[in-house]
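Colleague: For reference, the structure I am asking about is given below.
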Amino acid sequence: MKLKGKKQESSEGSEGAKGKMTLPLALVTLISAFGSSFQYGYNVSVINSPAPYMQDFYNKTHLDRTGVPMDGGIQTLLWSLTVSMFPLGGLFGSLMVGPMVNNCGRKGTLLINNLFSIAAAILMGTSELAKTFEVIIVSRVVMGIFAGLASNVVPMFLGEMAPKNLRGAIGVVPQLFITIGILSAQILGLNSILGNAKGWPVLLGLTGIPSLLQLLTLPFFPESPRYLLLQKGNEEQARKALQRLRGREDVDDEIQEMYQENQSEKEEGQLSVLSLFTFRGLRWQLISIIVMMGGQQLSGVNAVFYYADRIFESAGVASSSIQYVTVSIGAINVVMTLLAVFIVESLGRRILLLAGFLLCSASCAILTLALNLQTTVPWMSYLSIVCVIAYIIGHAIGPSPIPAVMITEMFLQSSRSAAFMVGGSVHWLSNFTVGLVFLYMEAGLGPYSFLIFCAICVATMLYIFFVVPETKNKTFMEINRIMAKRNKVEIQESKELTDSCPPGKQEEKKVLSS
């Protein structure tokens, strides 16, 4: 049954924008998340369990070369370099995002990025045979660069491909694969599997396999349609890519929306990071991603994981069983992130972020109390276990997966790559800072260090409550209009834009109002 006039047009448009999960879209999501995000998670936790065996290898290599055992201070320094070079590489990787995605495309960047991972995997896997520990430290930097690119490019690539009603769910998938990567490294790192004197080079080298698979399969899938149309100006390829991803011939409504976005950005061109900081029309979006990305890492998630072993030990868990407890925490992390995939479209982004940070702040506060009282009150050690689990649940449903989704949604094509560079740099710098400072904080403040994390969670939560809008089921242009009001920038659209007119006639003016 057909309605007459414009009403029919607009209802068809909104219906058309409601995309369904097609096989090509599902496959490209899984391949990019497994080939890239999975390895970020894997390399975050892969060196935790084989640490003593790797340190022995450093010592033995030094002894073979010089005839004297390695000095304790030097060994500590080399090990802390092995750990901290990964987030530092991540920072370098984030800074490469803009130039690479704009020149090589989103898909192209992921394919080139695989070469970093494969090279590092070969070097780490053969380090023991080659009797050199230096290549492990260099490979950690290279893996960091890989992870820095992957953690930004995958959400951007998938966010640009997904229809608006699935963008949140698809945007959480990379984080789901990061948690699966962490869990896989924990399971394979068990003493009985590869976390032993013989197995650790294999454990480190396995990271090349997902990259190899991605390198072989991703070329068969389309590039981001938004990149093809808005940055390459190739409507034909963009249309073909969209038709394949949506599983239908009629994709005019989405092409139309892209042209609309293109018109609104004509004056801006591709924004650099510097112009992003000075452009008034994006002020609140920029502050929001800095607060969310900073809050995500500075909320102490790595510190809680780090502390977890000792908390379980003090609760009387035998030290031989602790690695199994760590695996079970990794499994909780995966299950809760999987839950986020299914509820982010129904509950929305804001609710998950607010609930997540609320749960994290409450857990940190109660954990401080429990850790202080556990010597006098026996059951307090069990309460601290509950707090660790509650914290991990809270972080997995909101603070971990949602900020990257929000970067994709709050920025239009011209500023998105620069925004990911800023968000990614904040993410890795905060990660590096927590790793560096936490040991000193813990030495000086003990359990009270969790109160600092609690305060950061509360501050981030308040900011989100007052500033960050709900972006669920909205087009990029609709979100842009919401943020324009907050930035006190007017987006005036001409009448033709709302009708279906040829792209050539579309006009959109931005008027700065003071």
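The backbone N, Cα and C atoms fix where each Cβ goes, glycine too.
Summarising the annotation, TrEMBL assigns transmembrane segment to 21-42, 77-98, 110-130, 136-158, 170-194, 200-221, 286-307, 322-344, 351-373, 379-397, 418-441, 447-468. According to TrEMBL, the domain 'Major facilitator superfamily (MFS) profile' annotation covers 29-472. The region 'Disordered' annotation in TrEMBL covers 494-514. Taken from TrEMBL, the feature compositional bias 'Basic and acidic residues' covers 505-514.
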Colleague: Looking only at residues six or more beyond either end of the transmembrane segment (170-194), which have a C-beta under 8 A from one in the stretch?
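Modeller: Long-range Cβ neighbours of the transmembrane segment (170-194): 25, 29-30, 32-34, 36-46, 48-50, 151, 154-155, 158-159, 161-162, 200, 202-203, 206, 323-324, 326-327, 330-331, 333-334, 337-338, 340-341, 344, 396, 400-402, 404-405, 408.
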Colleague: For the domain 'Major facilitator superfamily (MFS) profile' (29-472), provide the mean pLDDT of the predicted model.
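Modeller: Here the predicted model's pLDDT, averaged over the domain 'Major facilitator superfamily (MFS) profile' (29-472), is 94.
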Colleague: Might you confirm whether the transmembrane segment (351-373) is in contact with the transmembrane segment (21-42), defined here as three or more C-beta pairs under 8 A between residues 6 or more apart in sequence?
Modeller: no
Colleague: The transmembrane segment (418-441): which same-chain residues, six or more beyond its ends, come within Cβ distance under 8 Å?
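Modeller: That would be 83-84, 87-88, 90-91, 93-95, 97-98, 101, 144, 148, 151-153, 155-156, 270-273, 275-276, 282, 285-286, 289-290, 292-294, 296-298, 300, 302-303, 306, 403-404, 407, 410-411, 449, 452.
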Colleague: Could you give the residue numbers and ranges of same-chain residues that sit at least 6 residues beyond the transmembrane segment (351-373) on either side and whose C-beta is under 8 angstroms from one of its C-beta atoms?
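Modeller: Result: 292, 295, 299-300, 311, 340, 343-344, 380-381, 383-384, 387-388, 390-391, 393-400, 402-403, 446-448, 450-451, 453-454, 457-458, 460-461, 464-465, 468.
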Colleague: Go through 77-98, 110-130, 200-221, 286-307, 447-468 and flag the stretch with the largest number of C-beta pairs under 8 Å relative to the transmembrane segment (379-397).
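Modeller: Counting Cβ pairs under 8 Å, the winner is 286-307.
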Colleague: What stretch, picked from 136-158, 200-221, 286-307, 322-344, has the most CB pairs under 8 A with the transmembrane segment (447-468)?
Modeller: 286-307
Colleague: In terms of Cβ proximity under 8 Å, which residues at least six beyond the ends of the transmembrane segment (200-221) contact it?
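Modeller: Beyond its ends, the transmembrane segment (200-221) has Cβ neighbours at 24, 27-28, 31-32, 34-36, 38-39, 42-43, 46-47, 50, 53-54, 57, 107, 110-111, 114, 117-118, 120-122, 124-129, 136, 139, 143, 185, 188-189, 194.
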